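Feature annotation from TrEMBL assigns domain 'CAAX prenyl protease 1 N-terminal' to 18-202. As annotated by TrEMBL, transmembrane segment applies to 54-77, 97-121, 148-166, 172-193, 325-347, 353-378. Residues or ranges marked as domain 'Peptidase M48' by TrEMBL: 205-439. What TrEMBL lists as region 'Disordered' is 271-290. Positions annotated as Zn(2+) binding site by TrEMBL: HIS303, HIS307, GLU383. As annotated by TrEMBL, active site applies to GLU304. The annotation active site, proton donor is assigned in TrEMBL to ASP387.
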Amino acid sequence: GGMYFGVTEGGISFSLFQRRVYRTTTHVPRELGQIMDSETFEKSRLYQLDKSTFSFWSGLYSEVEGTMILLSGGIPFLWNLSGRISGRAGFGPEYEIVQSLVFLLLATLFSAVTGLPWSLYNTFVIEEKHGFNQQTLGFFFKDAIKKFIVTQCILLPVTSLLLYIIKIGGDYFFIYAWLFTLVVSLVLVTIYADYIAPLFDKFIPLPEGELKQQIETMAKSIDFPLTKVYVVEGSKRSSHSNAYFYGFFKNKRIVLFDTLLEDYSALNKEPAEEDGENEETKSKPKNKKQGCKNEEVLAVLGHELGHWKLGHTVKNIIISQMNSFLCFFLFAVLIGRKELFAAFGFYDTQPTLIGLMIIFQFIFSPYNEVLSFCLTVLSRRFEFQADAFAKELGKAKDLYSALIKLNKDNLGFPVSDWIFSMWHYSHPPLLERLQALKDAKQE
């Protein structure tokens, strides 16, 4: 996880409160005077207003689309179509897993295609207008196709194995299914950084130098088993900035977005000096110099490593695995209910994949809302704790200025409606974080 002032997607409910804040707060509040100049404040207000309008409409569209699919019997229709296709390929109805894979392929293709216009609008209208987008249309489509193919390469084999395990697992199949998904997620985390992420972005080792030494020294001081530090060319995509770490056991890597680093950010590099004719061709109006000084980057990393040292990462994995086990157990209880399938238009057959879909996606959705709220609350507590950890490393001052800078570079809006932020923000509002850091600075 990075330092994003992340807002979880979805949930039209409280967005209206927050919209009112964006619309009515047109002047920098007094306590923000030193933090944000009025120009940045206005930019961020307009950006967040556009984003909230977009998420309202895209959220509304998904609700309507989902409802239409349910009402029109889209799911049984697609299932039968998949049966016809796999039949043509010579697999009769007894090959349920083959039919399931065709179904998955078609369903993901459908959602990729319907999601495309929204994604295009978000990237080339909203992000573009506010100076974040660095992608070309070509890059965007190549990226989308790559994403789709990579997803299929993981999704189809994993699903077929999962369905097979459920088929042959007997009475305790849910234990084996859970163990299987546990192993898959651990394998994916392990290979993601080395084999999957580089397909999409360029990772370069952080060049030897002062910053690298400081990072290694800090890692050593808290016994963080650091093996490599990478810089990722996030600037090919967007000028948003972030940092994260990953890896298992004794093999940890740190990844910094080039947009986070003042010295490496391609966005700060001046184009070659042919002044006159260069002016028109200079791709985009860039924001003022962005990124953080080395001390600030270290403070951000101190925060991220705090997540590790305080066991947040492990706690999150344990919670999600307990949740996953519970879900598979309930799935085992419910999968035998014919009326569940009938309600979704399956009268004669009860395909396992459809059962998974009905139970995990629909039946569990109220539970998932509650769970994700609890995790959001927990995540905010973890953020405060990680800030406090960076503070104990003596990085309060630098983290303070880094948070302000990141908020500015990412055009975060510093004023939030309490209901909205309580429900949505995985990170505490900026002012609360700064306040907590400041309390320490004075001691």
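Cβ coordinates come from backbone N, Cα and C, glycine included.
TrEMBL does not curate its annotations; it predicts them automatically.
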Here the active-site residues are GLU304, ASP387; which one has the lowest number of other Cβ atoms no more than 10 Å from its Cβ?
GLU304
List, by number or range, the same-chain residues at least 6 past the transmembrane segment (325-347) whose CB is under 8 A from its CB atoms?
70, 73, 75-76, 79, 173-175, 177-178, 181, 354-356, 358-360, 362-364
Could you state the CA-to-CA distance between HIS307 (Zn(2+) binding site) and ASP387 (active site, proton donor) to the nearest Å?
9
If I take every residue in the domain 'Peptidase M48' (205-439) and average their pLDDT values, what number comes out?
82
So which of the binding-site residues is most packed in, judged by how many other Cβ atoms lie within 10 Å of its Cβ, out of HIS303, HIS307?
HIS303
Roughly how many angstrom lie between the C-alpha atoms of GLU383 (Zn(2+) binding site) and GLU304 (active site)?
9
Rounded to the nearest Å, what's the C-alpha distance separating the residue listed as 'active site' and the residue listed as 'active site, proton donor'? Just drop the number here, would you?
9
Work out how many Å separate HIS303 (Zn(2+) binding site) and ASP387 (active site, proton donor) at their Cα atoms, rounded off.
5
